[in-house]
Amino acid sequence: MVLPTLAIVGRPNVGKSTIFNRILGERVSIVEDTPGVTRDRIYGTSEWLGKEFAVIDTGGIDLGDEPFLAQIKDQAEIAIDEADVILFLADIESGVTDADERVAQILYRAKKPVVLAVNKVDNPERRQDIYDFYSLGFGEPYPLSGTHGIGLGDVLDAVLAAFPSEDKSVEDDSIKFSLIGRPNVGKSSLVNAILGENRVIVSPIEGTTRDAIDTKFEAVDETFTMIDTAGIRKRGKVYENTEKYAVMRALRAIDRSDVVLFVINAEEGIREQDKKVAGYAHEAGRGIIIVVNKWDTVEKDNHTMKDFENLIRQEFQYLDYAPIIFVSAKTKQRLQSLPAMIVAVSENQTRRIQSSVLNDVLMDAITVTPTPTVNGKRLRIYYMTQVAVKPPTFVVFVNDPDLLHFSYERFLINQLRQAFDFSGTPIHIIARKRK
């Protein structure tokens, strides 16, 4: 599902990050957060009046040593690229500035819905001053206090009203996948190589609400959708080298994918940013295939591939379920194997196991390794049932959920993996007290 997206834009020091955090804090229920990205997060999901949407804080995107106005321009253009609705933030203390007018000019040309809000209206007596902001050309400005959260409900009501209507008429049962990884691991080359190897149905497919482009193709008797290839192709090096922007694009692609191809550069090995992006794919419960690209550039002996695989398993211990493939976008080495791997992982993501079969495996596991005792109290597991797919999720009914230690939960997951093919997908176990 493609979430409608709100981007917050405005010159520095108008309170974009405060409003961003307020919006994320206003959600009715906690939607999937962004693991691994905390203090410097620029992307999240929220909910207002039952409507889920994504939020981007363009102010969090550091564009380096660019001049002041150039940074504002680039941040506004990022918002235009990414958003369905733009929240244009000014502040009552500074009034209408030249920088505000510059942002307004860029947004006006974009022809995207804009909601104008004036922040820092902490004193009700200042509300009359917001009428100066009509001059920016976006209709009625909404008074807002980020510090106290006053006025945010009215702003979010306006945002929801401006989101495009959902088109539910198109059924799409293709397998959706994306390529993620830090800058310069060869994602763009892999995209082109994969599409070059397979029959593209329509290229490009324009997104319904923004100019991101997905690409459909056929292989191994299946239809695939490669998510957001425009994000890799269009902006290219301009923003690819801005780490936060690259991570944000990866998070958004992951949210829309069934299976994620996590790309590592064989020449450069594993970096910290690799771990951040991979961690989110894992936490989001997506199917994962680890793709080691540029394998043609590595000097090899009989142990090279095994050594690299061992390094991956050591650095990404939580991805022990993810298959690894060594490829070259340049020489097309092993690329023909990728579609079948994606299909297999997608099938494993949706695999359902009958409760009777599950409980046979559970009883065998408990016989081999009895449940632990904590402070003199033994964990008792009565039965297990599967409650969800994508990822496969199982509930175990027990005497006391607090007694199910992480290590025994991991043992049960390993037993499930030995009994059934869950390669490429995380498995979630939830402990519940038997009533």
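Here the Cβ of each residue, glycine as well, is placed from N, Cα and C on the backbone.
According to Swiss-Prot, the protein has these features:
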- 4-167: domain 'EngA-type G 1' (DOMAIN)
- 10-17, 57-61, 119-122: GTP 1 binding site (BINDING)
- 175-350: domain 'EngA-type G 2' (DOMAIN)
- 181-188, 228-232, 293-296: GTP 2 binding site (BINDING)
- 351-435: domain 'KH-like' (DOMAIN)
Provide the three-state DSSP residue tally for the domain 'KH-like' (351-435): helix first, then strand, then coil.
31 helix, 24 strand, 30 coil
For G181 (GTP 2 binding site), the closest of the binding-site residues by C-alpha position, picking from G10, N13, K16, T58, V121, is T58
Mean per-residue pLDDT in the domain 'EngA-type G 2' (175-350) works out to 83
How many whole Å apart are the CA atoms of T58 (GTP 1 binding site) and N184 (GTP 2 binding site)?
23
Give the number of CB atoms, excluding that of N184 (GTP 2 binding site) itself, located within 10 Å of its CB.
14
By a 10 Å Cβ neighbour count, the lowest-scoring of the binding-site residues N13, T58 is N13
